[in-house]
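Before any comments, here is the structure.
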Amino acid sequence: MSTPFSRLREILKASKQYVRDRPPLKWTFRALYWSPLCIAFAHYGYTIKYVCGRSMQPTFNPDSSAGRDLVLFDRVSTKIRHEYRRDDVVAIRSPINPRLELVKRIIALPGDTVKTLPPYPIEEVVVPPGHVWVEGDEPFRSEDSNWFGPVSQGLIDSKLTYILLPWDRFGPLNGVFERTPQRGRNWSEQSAETLRKKKREARVTRNTER
């Protein structure tokens, strides 16, 4: 005698066989099954995006304003560990336009004193608690903290860790890992990058209480 449970088992068995016999449907169900995990991984883990524009030259897109670097974005450090260091390159939500995501470098941490650049109206700023000071590597082509002031750490979305494309500049970013000289870049280019870093650091008086 057939019971409701046995009938249900027969329906489930027939459904599984129906899906197995149709590969596109099978892959669709498999994608739906794993999609919540993929979404969570992208939100709290890692994702890959293009970086556009000239404000972070020569770190990104050094050859032309039309170039785009493919970069690995790390959300584990920002969403879970809440780790922020000077010289980290981060993606932030613009304090002026929340729909816009900016890529900038952390110059100073809470309690640090920064000698600002134009057009900021004050010559020196002490970064308040829970905030960071961010700038583009090409500051005169960048709308950054010199325009809108210290940025809340809550606006930091992710940390940029690796350049994936183009291949000739593949590798970890400076300030995240110790970096060997990049392929495709000559000694003078890397010396200029070192000089630029020293100039940034000279404008910051670090908070010794951290």
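Think of each number as a place in line: the chain as shown, counted from 1.
Quick reminder: no glycine exception, Cβ is built from N, Cα and C everywhere.
Per-residue pLDDT, averaged over the domain 'Peptidase S26' (47-115), rounds to 89. Sequence annotations record features per position, and here TrEMBL assigns domain 'Peptidase S26' to 47-115.
Residues or ranges marked as active site by TrEMBL: Ser55 (among others). In sequence order, Leu102, Val103, Lys104, Gly136, Asp137, Glu138, Arg141, Ser142, Glu143, Asp144 are the residues near Ser55 (active site), counting only same-chain partners six or more apart with C-beta under 8 A.
Summarising the annotation, TrEMBL assigns active site to Lys104 (among others).
According to TrEMBL, the feature region 'Disordered' maps to 180-210.
Among the features that TrEMBL reports, compositional bias 'Polar residues' is placed at 183-193.
Lys104 (active site) has a Cβ environment of 25 other Cβ atoms inside 10 Å.
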